[in-house]
Amino acid sequence: MLSIVAGSSKPPSRYRRSAQNYDELENFTSPFTIKSKPVRSTVVERDVSGLTKIDDLPPPESFDALQCGGERIRTIIAALQHNVLVRKEDLMRNLDYVARVLESAHLDETRRLMEEDDVLSEIEPDSVPNEVRDWLAMTFTRSMSTMKRRPEEKPKFKSVAQAIRAGIMVDRILKKWSLRVKVKVSLTSLQNFLEQMEMGYSKYHNPYHNLIHAADVLQTTYQINWLTDHELFAMFVAAIIHDFEHTGTTNSFHVQSKSDVALIYNDRAVLENHHVSAAFRLMRIDDYNIVSEFSNEEYRDFRQLVIDMVLATDMSFHFTQLKNMKGLLSMPENIEKSKALALVLHCADISHPGKPWHIHHSWTENLLEEYFKQGEKEKELGLPCSPLCDRENTLVAESQIGFIQYIVEPSFSVMGDMLEKIIKSCDITSAPASPVPLKSPSPLPSPSPPSSAGSSNESGNVNEDTNGQVQRPLTTPTPTTYQTGHLPLRRPWEDNLRLNKERWQTSAEEEKRRRELKSIPE
């Protein structure tokens, strides 16, 4: 039995340092932090007696074991702090239990990271260049976000706020669905808020992460309409703010360069945390408070949905997000709204390969230009050049083939399956006999790449893009399907993904021939 006795002058030297450290904590917030010290000791003694009960604890590999193990450690710490008697046998058994919990948690995390890498390990070594493999791993997994890399390796935008003033978004979003009335949003506050969004997105003059990207993501999410008014509003706001004040550099760059924002958010989802935090800080100002008329419950739900959606755009969670959604699809229960919305926004964020070639190719050029500018900054700072950030050596076509094949296609496939399940689970018996099909809005006017793959006119007819290609909403069920009880989901992105990948494959072959010719000595 340990010689830790209530009322003794001090604990044994072996535990004295720990006890002293906790005595010095002014704001110690364990469950035992209450005003009266004798009462605290009584509470500790009562909880210490519970340490003898260990047989009915949750299995170390279970999720509940994490909380239970933490509570046990806190109890032991409090006992040391207040010199309360702890039996040696109880201490050893509980510490052994906590050790097994931590080992299990570490094993699960290691297995998860390995599974993320396994997705990429399935790539044939000769099918994807090392630089592309490194980029996929660094961007879309967490296991290689700080890996050691091999040493060798400004358009004028039409603002969303101006579009609002022109009536484009007002007519199609606020007025058409009466969102402003149902969700109680001040049009003046919304306009002011969007003007601040414009300033934030224009702050760093990014070729890719700019106003038009935000509008593109917003319009892509608009085409998926199966939500309540408040959920729809949360989705729109999340799409608008999801890259607010983006610096034009990656999370990895912030971590490696030890930027202020990386220090604020402890190297975790650095940019995503900033986007959502900065937007909500803006909402605290009266002129930009688009949620001022929300009830406490409405604001809480809105805030949670927006946070979940924006943080899910952190690309390093990509494989985990897809794996979790696949698991939910195999279950009979309905899919949690926040997880469904998060996947929709993530897919919208990476959706340009699922749109016609002229749109996809323009976005690719803009994104690579942004990468190249980061590469120049990395060279100036003496940092290793990140994958795809070297202007002279990046394999553009190969990178897009890998992006489509291993990231976008699986994402849209899972999202399509998810939407199928959601639509089938809806109560279609109360639907009208001849419902109006879902329609996408007209593209926002801008000299940049058009912000969606298609649009419908007010009568519900499809339009053609500038190249004469037919464009349709992403998820339009036919009216007759309501009467049959089944809503098949159209997936027009599949054809675009296939065609775009084929064009990149042709370009990749041309790039390879040019490299081979260049390597032939004169």
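Every residue, even glycine, has its Cβ placed from backbone N, Cα and C.
Copied from TrEMBL, the annotated features are:
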DOMAIN    124-511  domain 'PDEase'
ACT_SITE  His209  active site, proton donor
REGION    434-522  region 'Disordered'
COMPBIAS  457-474  compositional bias 'Polar residues'
COMPBIAS  491-522  compositional bias 'Basic and acidic residues'
Short question: which residues 6 or more past the ends of the compositional bias 'Basic and acidic residues' (491-522) have a Cβ under 8 Å from it?
351, 353-357, 360, 395-398, 400-401, 404-405, 408-409, 412, 416, 453-454, 472, 474
Cβ neighbours within the same chain of the residue listed as 'active site, proton donor' - under 8 Å, at least six residues apart:
Tyr201, Asp243, His246, Gly248, Glu370
Give the residue counts of the compositional bias 'Basic and acidic residues' (491-522) per reduced DSSP state, in the order helix, strand, coil.
27 helix, 0 strand, 5 coil
